Amino acid sequence: MATAKPILYGAWISSCSHRVRIALNLKGVDYEYKAVNPRTDPDYEKINPIKYIPALVDGDFVLSDSLAIMLYLEDKYPQHPLVPKDIKTKGLDLQIANIVCSSIQPLQGYGVIGLHEGRLSPDESLEVVQRYIDKGFRAIEKLLDGCDSKYCVGDEVHLGDVCLAPQIHAAINRFQIDMTKYPILSRLHDAYMKIPAFQAALPQNQPDAPSAK
C-alpha cells in the first residue's frame, strides 16, 4: 500500500512556508502543497489551533512551526543533511537560523504590521519593518565576517541557508532593503538563486501566487 504524501499547508508569500519548501525540495520529498489563508479559512484552525502557517500533515501526525517542521524532516529524511555534525559549526548555523526565525521574521509579519494600522502610515510601517530586518542582517553579516565558504557555514547548504534565503528574498522584493550594505548576504543570495531546489521554492513559482493565475 502506497504511503500518503505529506501535505504542506502554506502560502506563496509566507517566508516561513518558503523555507519549508526549500527543505522539502533539498531532501527530494514528494509532497502535496495546499494553499491556505489562515486569517480567513475557519477550517485551518482544526489543523493548527494557533492558525499560523506553515503546517505539515504527515499521515496522522500534524506539526506546525517552520523550524520544528524542518528538524522533523531532518530526522525523517537523512538525505542532504541540513544540520552540521561539528558542534561549533552547528552552533553558528543554528544561531543564524534562529536570528531569522525569532528576531527578524516575526517582527515583519502581518500580526505585527497589523498593530500599526491606524497609527502609522504605510510608509511609516515599512520603516519599522526595515529597522527590524536591518538589525538582524547587520548581526548575521558580522557573524559571517571573513566567511569565504560557498554558503553560510560551509560548501554545502545547511539550515541557516534555508532560513536566510527566503528572508533575503523578502527583504529585496517586499521590504525594499538596500542589500549593498550586506556584501556577504548579497553573495549568498546570488549562490542560492543558482540552486534548483531554491528556485522551485520561490514565492512567484507557487500555484497560489498571483502570477500563476
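Keep in mind that glycine also has a Cβ here, set from the backbone N, Cα and C atoms.
Feature list (source: Swiss-Prot):
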DOMAIN    4-81  domain 'GST N-terminal'
DOMAIN    86-211  domain 'GST C-terminal'
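On the 0 to 100 pLDDT scale, the model's mean across the domain 'GST C-terminal' (86-211) is 92. In terms of DSSP helix, strand and coil, the domain 'GST C-terminal' (86-211) has 89 helix, 2 strand, 35 coil. Broken down with DSSP, the domain 'GST N-terminal' (4-81) shows 27 helix, 16 strand, 35 coil.
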